[in-house]
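So that you can see what the record holds, here are the features copied from Swiss-Prot:
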- 302, 362, 365: [4Fe-4S] cluster binding site (BINDING)
């Protein structure tokens, strides 16, 4: 019996000929990482193990991205403990200040996570790297501590659901809409502890960055990871960045899937996920007619803060002004993205429109800082979660959308279609 990409990666990394769903394996890891929120507890657990050194100083990253720049004394202390640990252990890949970016943008951009890798990170959106053909999943700080010490982790081999996207994408429909539509279809528990394998001609046409958006949100359907078979686009992306050798895996033709779901996307349009779950999707044609007034728009995050996302937003915002009483916050997800946005004139477009530009940080996405919502406020956000209180007060509301829709909504002061602005 053939195996899926995910099964092949787990088999190779556990030194087995094959694995089957439900089996428990102990596997060697290619890369592990944590951030300023999850690393301090991992460090504490690491010390409790009595281990004197990490398994490999070049296969661990610490990315201080959630509350950067430090928002208060507590976050400063968390970053300090992570910094001191990195110095003590000689960890090569430590990022803060001018080098830091949102981890799930930064690590692929620097070639630290690669096709065929087995990766764990102490952050739920680690599944982003599945877009490169890696098996990447989030863990807690205790598992991270053990992984830093041993370079290994245990896994229960998940079943795989295959999603096939065919047809032709319409204007302003992006990878964000594909994954939101999918979550709206199967629900937030629709892929619980499954691998979501994305395929089809539409996926082949997507850029690597838009594929990352899709894999990033696999966790919002309960998935273990979201994976895409590497192709020429993938290899072109990683070859100029890769810091080490990598191996490409592809699913066998006779691989067994838990379920196969096929979509024709030809008539799909941008969608908005209403509070308070990503599954509450509404087509923009309907949402735009509901006259939902907003207070804030956030364009950024590990979901939609890459250069292509900023280009989408700038396409709508050029020559426009943000509506009165609306705050538009734009945060490039890495220093490289920020530089590109500057050189391409995107930052100028955002500033002229009336946006606030922030340094690379997770910040507003988790209601951490630099864009926290007050009671009763509504935000349109290009992020991945809209749970109760996600971006601030428990009585605030978050509507998830792609960068085109977010930008149009900022201009009109309500949830709006980009076609209402670009006529």
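Just so it is clear, glycine is given a Cβ too, placed from its N, Cα and C backbone atoms.
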Task: List of residues, in chain order, with Cβ under 8 A from that of residue 302 ([4Fe-4S] cluster binding site) and at least 6 apart - done: 102, 103, 104, 105, 125, 128, 216, 333, 362, 365, 384
Open item on the list: What's the number of neighbouring CB atoms sitting within 10 A of the CB on residue 365 ([4Fe-4S] cluster binding site)?
Closed with: 27
- [ ] Provide the three-state secondary structure of residue 365 ([4Fe-4S] cluster binding site) computed with DSSP.
- [x] helix
Task: Cβ-centroid neighbours of [4Fe-4S] cluster site 302, 362, 365, 8 Å, sequence order - done: 65, 66, 102, 104, 125, 300, 301, 303, 305, 333, 361, 363, 366, 383, 384
